[in-house]
């Protein structure tokens, strides 16, 4: 069967990966009973990820004719004689209105019916939600015959929960194995000690001999001390003087070292604060510059972790520097830039088990709020949605970050107002999943 690109705008793209079969029609009947049969309508609808009844109904609405789709046989009929080119043109209009994303033009979309009975298209490629014109006649048919929803978000949450449970079980199993190994070592050490006591009588005797020897040595040392005190010869006196001098010189060296450390300490601190915090802007600029130079080298993303771990600055400062280096000067189109460079953020967000995602969210808030980037501030919700869809940030961390921000020192920041729709969406999705469970 011949294939063609989905969408008239992609007709001449030889490398376009979204394809559908070319339409094949057949005219049946005569007179008033003449009908047009769209033979491969089921295959076309399958390629578009839409029910075949939608395309059949759309042809009938646009042509002002009765249409019928038989679910059992897969037959699509439209009353009247219509040529293939005319129906193919109507199909292109259907694709443009009900299949392609209004943002990126990608046909990989899903029909979503909102609580307010509005038909939207959710793009799996860019995440854009397109609002379909509800004045179209087909929208009423879609509301009455909604498509089967793919529970992608629920599956993701279930997989995440299962993954967390699996990790916890693995940690518990590791702890149990460690305990078993420790018990085995203790038992083996006990057995070795028993066997050594039973089979080596010489070893039982030798400790007593050593103890006696030590006692003799101590007595000899005591005797030596008495001899030194009673020995008044010139050689003994000189020896004692040398020992005293060596002890005094050692004390003097220790005192001088302590004085040097005390002198150095005030230089590193001032009023309880490290000098590093007294003049942060130049150091932050240097850190951002280092990040930019590293990114210009074109090093693989896998090497980013080792580079970050080699830095001595606090984790939050490192994340701020990386974010500024990646998106310096970006305003409009901030969400698209984040999607392009998501791999860098994913690598940075997995540096630590706890805290890296929070550092990333703080960097986003600083970049959009404190820096006064109004264009980026408008797209902050889209940025969080993109990172959430890519599993770079988790729902619990976002909610925790939002709650702390509303009650923290930066509660007046405009970031929280722009983030609120995304947070409400997360909370509503969570409540719906709990109700269904």
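Cβ coordinates come from backbone N, Cα and C, glycine included.
For the residues 85, 302, 356, 428, the entry in Swiss-Prot flags phosphoserine at a single position: 428. Taking 195, 230, 277 one by one, Swiss-Prot attaches phosphothreonine to 230.
Within the set 153, 188, 431, Swiss-Prot records phosphoserine at 431. Within the list 200, 268, 412, 433, the entry that Swiss-Prot describes as phosphoserine is 433.
Check Swiss-Prot against the ranges 262-284, 308-330, 331-353, 377-399 and you find region 'Disordered' recorded for 262-284.
Each of the binding-site residues 31, 33 was scored by the number of other CB atoms within 10 A of its CB, and the lowest score belongs to 31. Secondary structure from DSSP puts residue 35 (GTP binding site) in a beta strand.
Taking a C-beta cut-off of under 8 Å and a sequence gap of six or more, residue 29 (GTP binding site) has these contacts in its own chain: 35. Same-chain neighbours of the GTP site beyond 29, 30, 31, 32, 33, 34, 35, 36, judged by a C-beta within 8 angstroms of the site's C-beta center, are, in sequence order, 27, 28, 79, 80, 81.
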